[in-house]
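Only one structure is covered here, and it is reproduced in the block below.
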2 protein chains.
Amino acid sequence: MPTPELAVIGGGQLARMMQQSATALGVRIRLLAEGPDVSAAQVVPDHRVGDYTDLETLRAVVADVPVVTFDHEHVPPEHLRTLESEGHACRPGPHALLYAQDKGSMRERLGALGAPCPRNAPISSAQDLESFGFPAVLKTTRGGYDGKGVWVVRSVADAEEAFSAGTPLLAEELVDFRRELSALVARSPSGEVRAYPVVESRQAGGVCNEVIAPAPDLDPALAEAARDLAVKIATELDVTGILAVELFETTDGRLLVNELAMRPHNTGHWSIDGAHTSQFENHLRAVLDLPLGSTDARAPWSVMVNVLGGSVEDLQAQRSVVLAAEPDVKIHLYGKAVKAGRKVGHVTAYGDDLDDVLARARRAAALFIDG
Amino acid sequence: MPTPELAVIGGGQLARMMQQSATALGVRIRLLAEGPDVSAAQVVPDHRVGDYTDLETLRAVVADVPVVTFDHEHVPPEHLRTLESEGHACRPGPHALLYAQDKGSMRERLGALGAPCPRNAPISSAQDLESFGFPAVLKTTRGGYDGKGVWVVRSVADAEEAFSAGTPLLAEELVDFRRELSALVARSPSGEVRAYPVVESRQAGGVCNEVIAPAPDLDPALAEAARDLAVKIATELDVTGILAVELFETTDGRLLVNELAMRPHNTGHWSIDGAHTSQFENHLRAVLDLPLGSTDARAPWSVMVNVLGGSVEDLQAQRSVVLAAEPDVKIHLYGKAVKAGRKVGHVTAYGDDLDDVLARARRAAALFIDG
């Protein structure tokens with residue numbers, strides 16, 4: 001059996017959707033999965049089960065594989081440096097991943113690059129927080145995601161839970177924003193960069209809920225600025241693969257960087273059905289240093305809505321209900337057991353009329369969530 | 001681990017491409033593969049290796065699986081009848097598959113339906129052939145494909161090889177045709193049918209080489225007649241899944257049925273990138289009796305060109321050359337070792353200008369074939 005071209009660390013839905021593109025490109029993937037039946041392990045035959053924080057496990061998985069990429073940003077950077085020193089290309093590399101793993105380093109580096117960020121400061125005491133002022137958004141610098149590790153505080157008393165987390169904290173101004181945007185780019189080791197249309201991301205409960213591509217009524221100058229910013233960050237930080245730059249569009253019309261993600265991102269899932277080259281295909285092309293494909297949209301409007309665990313337990317059985325109601329919405333189920341609020345899939349609609357596209361995608365998602 | 005919803009018999013590229021759609025729909029597939037590293041076994045973890053002509057092997061593979069479908073039409077019909085009697089839904093069923101397996105039965109049944117066919121007759125002797133007349137196309141009624149088991153004969157002497165095959169033969173008139181067309185439909189057990197745009201199929205050496213969707217300059221009345229004919233055949237023969245009706249467009253503007261295939265078909269590969277719902281997704285939706293998706297094209301023109309084994313040995317290494325030349329052609333490699341003339345992949349281009357689309361697809365395929 002030929003040696004895999006690419007190792008993917010982490011067996012979630014991102015690795016699962018990478019495999020669909022890998023199949024077309026003829027890329028053999030070796031997967032490190034968290035369990036024998038996690039999302040991507042269901043579709044990648046060459047998988048091992050193990051702990052991605054264990055160096056020996058990582059070494060065994062990538063032993064004969066030249067390039068390593070990731071389903072998530074949680075692999076310890078010191079392990080990645082070891083793998084690099086042993087001849088494996090990690091894409092993105094630990095020097096770039098640091099800025100997706102540590103919000104303090106990210107803010108410092110983006111500040112040095114002149115990238116617009118919310119006012120921010122490291123916080124190690126109640127005194128620091130008092131000096132920063134209220135209201136403030138407190139974040140753990142590491143490990144937070146989907147609203148976890150984030151607190152909006154209006155007094156030192158509000159910060160009790162944050163301080164008790166016992167990890168380094170960052171304070172950021174509470175931004176008065178009109179909406180959230182996301183600028184995705186793919187970048188290869190050769191330096192080729194391609195930017196996707198800037199999208200609007202709508203959150204509910206701290207979790208990405210809906211994405212509209214392109215962001216409706218976005219000032220073309222702001223769209224260009226967002227794309228340029230994402231290209232600059234990808235280039236300056238030497239990101240390889242997909243970089244997602246999550247942005248605030250402030251009520252006074254500025255852009256501020258909220259978060260960075262260095263992997264295919266929820267705000268890019270629309271591209272599977274809505275762009276000429278999906279973010280998953282371009283991620284693979286980027287990390288394998290193949291020429292990138294067009295990031296242009298194929299339809300005037302695409303809308304992705306996440307399927308979160310709700311009262312519908314049997315997603316398979318529910319497919320016939322959803323497809324009967326919306327035969328042309330594209331379904332993506334992740335093979336995960338339904339738990340309240342867990343991302344278990346997404347749906348995408350596309351077409352010429354935004355209201356219609358939005359209504360169709362929402363209806364399909366609602367039928368998967370609460371029937 | 002949950003029970004698979006669907007068993008697929010045969011591990012070629014059609015099963016491989018089914019798996020990409022199955023991943024999105026959350027369909028777990030159990031595969032019976034001919035070998036441990038055949039095309040689909042590379043991407044379906046739950047596969048068994050065995051002989052599809054052996055009933056006990058088939059029984060073991062489908063034991064806990066409610067629905068069975070196929071990568072090819074070669075499973076013995078008596079085994080399928082046994083599986084059906086044991087409670088498995090075979091889609092398509094043996095009563096339909098018969099007409100894709102046996103050209104004599106196909107001609108007889110299509111004749112009874114009033115479907116236009118080339119003049120034909122069963123041949124069991126030189127005398128029969130003399131009576132049929134020359135020139136004639138002699139075909140083995142079973143097992144022929146891609147030009148194998150087909151002879152154009154102009155005398156009894158020409159038929160020596162055909163007669164020595166020792167299998168039943170069918171003679172057909174040598175049709176004076178302008179071009180070959182293909183009409184694909186998906187049909188579900190509930191009776192829902194959706195027809196794809198009629199395409200032009202260009203052959204070289206008896207093998208499908210290029211497909212243009214839709215067929216250029218096709219008389220709309222003839223296109224409608226071809227679609228109606230495919231819907232009628234699917235319905236009357238009770239086909240479930242994809243039915244491909246390969247047609248001749250004669251020089252005097254008539255349609256004649258050439259062949260039937262009851263599975264996703266090479267003339268439908270363009271639909272992965274060029275239609276709202278690919279033939280693989282609609283095949284799965286059909287055999288699982290889910291509502292079908294739109295078969296409309298997403299672009300004015302799509303062109304698929306097969307990648308046949310040529311002088312390029314390392315298709316993986318060649319990807320960067322192909323994508324540098326044609327970054328927006330969609331690549332589909334099947335994970336097969338290169339052998340002269342073997343189908344090892346296909347490429348698809350789409351766009352507004354047929355000449356441009358055709359040139360791009362041909363250029364990409366040529367770079368994969370002979371560099």
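Glycine is treated like the rest: Cβ placed from N, Cα and C.
Keep in mind that TrEMBL annotations are predicted by a computer and have not been checked by a curator.
According to TrEMBL:
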BINDING   A:LYS103, A:LYS139, A:GLU172, A:GLU173, A:LEU174, A:VAL175, A:GLU180, A:ASN258, A:GLU259  ATP binding site
DOMAIN    A:107-288  domain 'ATP-grasp'
A:LYS103 (ATP binding site): tally of other CB atoms within 10 A of its CB: 24
Rounded mean pLDDT for the residues that make up the domain 'ATP-grasp' (A:107-288): 94
Of A:GLU172, A:GLU259 (the binding-site residues), the residue whose Cβ has the fewest other Cβ atoms within 10 Å: A:GLU259
Assigned conformation of A:LYS103 (ATP binding site) - DSSP reduced to three states: helix
DSSP-derived class (H/G/I helix, E/B strand, else coil) of A:LEU174 (ATP binding site): coil
Candidate with the highest Cβ count within 10 Å, taken from the binding-site residues A:LEU174, A:GLU180: A:GLU180
Recorded ATP site residues A:LYS103, A:LYS139, A:GLU172, A:GLU173, A:LEU174, A:VAL175, A:GLU180, A:ASN258, A:GLU259, farthest C-alpha pair in Å: 18
